[in-house]
Amino acid sequence: MTKLTSDVLIQGYLSYLILEKGLSRNTLLAYQRDLKYLVFWLVQPEDFLKSESSKKAVCDQDVLLALDVERLLAFREACFAINLDKRSVARIVSALKGFYYWLMDEELIKQNPVSLLPKIRADRKLPAVLSEEQVESLLDQPDRSDPIQARDGCMLELLYATGLRVSELVGLTAGQVSLQQGIVRVTGKGQKERMIPLGETAQDELCHYLKDIRPALPGFKESETALFPSRKGGAMTRQAFWYRIHKYALAAGLPETLSPHQLRHAFATHLLNHGADLRSLQLLLGHSSVTTTQIYTHVANQRLKELYREHHPRA
């Protein structure tokens, strides 16, 4: 039986991904690069640590097929040694896992050694947070004399006032808002319901919207249940709201890539900055675990460090 090279095996796997998964060219190139990292380390470990090019590294199939957990652990440590971050290493390991499962399907190996690797936790990326001034500028952009823009302004205000997910916002019905009680009832992930209090500003904006703006929206019907209906009736889509927010972001001098989720991040971080406790924030955000909420404490602490460096005389 003719022995294959690493290049032939990798190309075979990429062809499989094209035919079976329909992956894009960029994704395939990323897989190829990650797999070549391993080959380069197996063939030239010293050069690997110097971060030199891996494009020409090739090995026999036996080298790849004989790989065990011990060698994989050493490879993973080498990746960290050349200053790849946890996310990058986790991505490489994921690519290797898929490759070795394919080798199993091809009956070249009996067990996937990558599946035996202990997991590494990728660092969670800290969300980019708008300052309070930036939020104010964004909320000021919609022209409240225009019904459509007034609707958008109310949506932005409610998003910042409650920390809703964008899917929760566009899915709201008029019946989920109680101005008398000053709350909004939200059905979040896992069909879990939570009640979020409304601040005075949000209540005033909603009161004006429900009384004067919503009935004046183009195509509005009395039978409409969506709190923020689209021009054609029914709930606005998430994509439509993303499109609307981009326009206001540009007008406020903010990046066009601003997402509705960044107002949720701002809601959480600004509450922490003003003394809110983590447990209360978890309930408001609808997180099932406080671990998810803790990322915002890192953002708040980071901001405190920046303020200290900027203003303390001995920083």
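Cβ coordinates are placed from backbone N, Cα and C, and glycine is handled just like the others.
TrEMBL does not curate its annotations; it predicts them automatically.
Because the structure is a prediction, the values reported are computed rather than measured.
What TrEMBL annotates here:
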ACT_SITE  ARG165  active site
ACT_SITE  LYS189  active site
ACT_SITE  HIS261  active site
ACT_SITE  ARG264  active site
ACT_SITE  HIS287  active site
ACT_SITE  TYR296  active site, O-(3'-phospho-DNA)-tyrosine intermediate
DOMAIN    4-104  domain 'Core-binding (CB)'
DOMAIN    125-309  domain 'Tyr recombinase'
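Sequence features annotated in TrEMBL and their locations in the structure.
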residue : record                                                : DSSP class
ARG165  : active site                                           : coil
LYS189  : active site                                           : helix
HIS261  : active site                                           : helix
HIS287  : active site                                           : coil
TYR296  : active site, O-(3'-phospho-DNA)-tyrosine intermediate : helix
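A straight line from the CA of ARG165 (active site) to the CA of HIS261 (active site) spans 7 Å. Residues near LYS189 (active site) in space but far in sequence (CB under 8 A, at least 6 apart, same chain), listed by position: GLY286, SER288. A mean pLDDT of 88 is what the model gives for the domain 'Tyr recombinase' (125-309).
Looking at ARG165, HIS261, HIS287, the active-site residues in this record, the fewest other C-beta atoms within 10 angstroms of the C-beta turn up around HIS261. Straight-line distance linking the Cα atoms of TYR296 (active site, O-(3'-phospho-DNA)-tyrosine intermediate) and HIS261 (active site), rounded to a whole number, equals 13 Å.
Distance from the CA of HIS261 (active site) to the CA of HIS287 (active site) is 14 Å.
If you draw a 10 Å sphere around the CB of TYR296 (active site, O-(3'-phospho-DNA)-tyrosine intermediate), it holds 26 other CB atoms from the protein chains shown. Taking all protein chains in view, 21 other C-beta atoms sit within 10 angstroms of the C-beta of ARG264 (active site). Taken through DSSP, the domain 'Core-binding (CB)' (4-104) splits into 77 helix, 2 strand, 22 coil.
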